[in-house]
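Just below is one structure, and these are the notes that go with it.
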Amino acid sequence: MKNLLDLSIEELKELVSPSFRATQIYEWVYKKNATEFSQMLNLPKDMRQDLAEKFYLDPLKCVKFEQSSDGSIKYLFELKDGLKIESVLLPMKEEISDEDGKISRHARYTICVSSQVGCKMGCAFCLTAKGGLVRNLTAGEIVGQILWIKRENKIPYERRINVVYMGMGEPLDNLTNVSKAIKILALNEGLAISPRRQTVSTSGLGSQIKKLGEMDLGVLLAISLHAVTNELRSRLMPINKAYNIEAVMDAVRGFPIDMRKRVMFEYLVIKDLNDSVSDAKKLVKLLHGIKAKVNLIYFNPHEGSEFGRPELASMLKFQEYLRDHGVTCTIRQSKGLDISAACGQLKQRNENPKFRANVSGNSAAKTEEKPTNDKTNVSKK
């Protein structure tokens, strides 16, 4: 059997007749939360039976989740072959003014998805990298993470969703399937998540950044930089030996970006390693001529890590220097500090009960095993 979520609507149209049935199937799956073909009552019975014999709609199963006191939820999913991946739901808030200028608050969500089982980039600060790469996810397995999280949390179809490819794996090391997932998510017949609300994060595969740009998908780009010298970056991120900082910056300068948007540079701040004002000065020079936004990220400690979480004062000084020199800079609001927030932590805890994430305030967090026979709500829309 094949995963129907792997199919674009054009591919599905080639498999069903008449072709308008493909649109109906897409609407059931992406807009009405159907998880079984038997729920698609406007399809002929024989077609439903035929589809059920050839395809499945549930590429993953949630085996555990942890909910933080800040509302973020980390999920551990099991794939059909028994391998496990992680995804995260980050509830946000945005302010919207009505016609009278009165501000009302509306929830919005960011979903962080994995693109691979494991990762071969070998970043020193990343728990996922310690296990190496097992395999790429298919487009349907990537899309399935978003579908499951939206369905489980009863997020309305119309509600704004941002997708970030920042979970387990290097997205550009699985560019074929990631680019297909981007296109499937953007289809109006499906979830209609615009590419401009999808961000691909990379450790800096220069040649793949170029390929992604040539695809002209309209997605946003985020670069995991984390250091301002090649010596330190090579220590933290072995990929720097193949694509050094200069090569990454050259690739970024050639990447097509919406004039209203900026390239995001993610900078993981590690105590006494890359958190000085001197580092900030070097970063300003590196970003010269690039329409950039820097996102400072607190290092999330985990058991066995040699690195420490930076002080708030260091973060603020770093941010202040960048802003004073014309670089847009934010400090990422730390979410999930009371759960296994760092990439790979929940998977590691599930597989190794002796492992403990170095987190605080665990009494506020909620951890649950998910039953395997969850009933899924199907929208009546």
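The chain as shown is numbered from 1 upward.
Here the Cβ of each residue, glycine as well, is placed from N, Cα and C on the backbone.
Feature annotations, courtesy of Swiss-Prot:
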DOMAIN    105-338  domain 'Radical SAM core'
DISULFID  Cys112-Cys343  disulfide bond
BINDING   Gly169, Glu170, Ser201, Ser224, Leu225, His226, Asn300  S-adenosyl-L-methionine binding site
REGION    351-381  region 'Disordered'
Mean predicted confidence [pLDDT] for the domain 'Radical SAM core' (105-338): 94
Around the Cβ of Gly169 (S-adenosyl-L-methionine binding site), the count of other Cβ atoms that are within 10 Å: 29
Proximal but sequence-remote residues of the same chain as Glu170 (S-adenosyl-L-methionine binding site) (Cβ under 8 Å, at least 6 apart): Ser115, Gln116, Cys119, Lys120, Met121, Thr202, Ser203, Leu205
Rounded Cα-Cα span from Cys112 (disulfide bond) to Ser201 (S-adenosyl-L-methionine binding site), Å: 11
Length of the line joining the Cα atoms of Ser224 (S-adenosyl-L-methionine binding site) and Cys112 (disulfide bond), in Å: 15
Cα-to-Cα gap, Cys112 (disulfide bond) vs Gly169 (S-adenosyl-L-methionine binding site), nearest whole Å: 12
Local backbone state of Gly169 (S-adenosyl-L-methionine binding site), from DSSP in three classes: coil
Among Cys112, Leu225, which are recorded positions, the residue with the most C-beta atoms within 10 angstroms of its C-beta: Leu225
Least surrounded among the binding-site residues, given as Ser201, Ser224, Asn300, when other CB atoms within 10 Å are counted: Ser201
Span of Gly169, Glu170, Ser201, Ser224, Leu225, His226, Asn300 around S-adenosyl-L-methionine - largest C-alpha separation, Å: 19
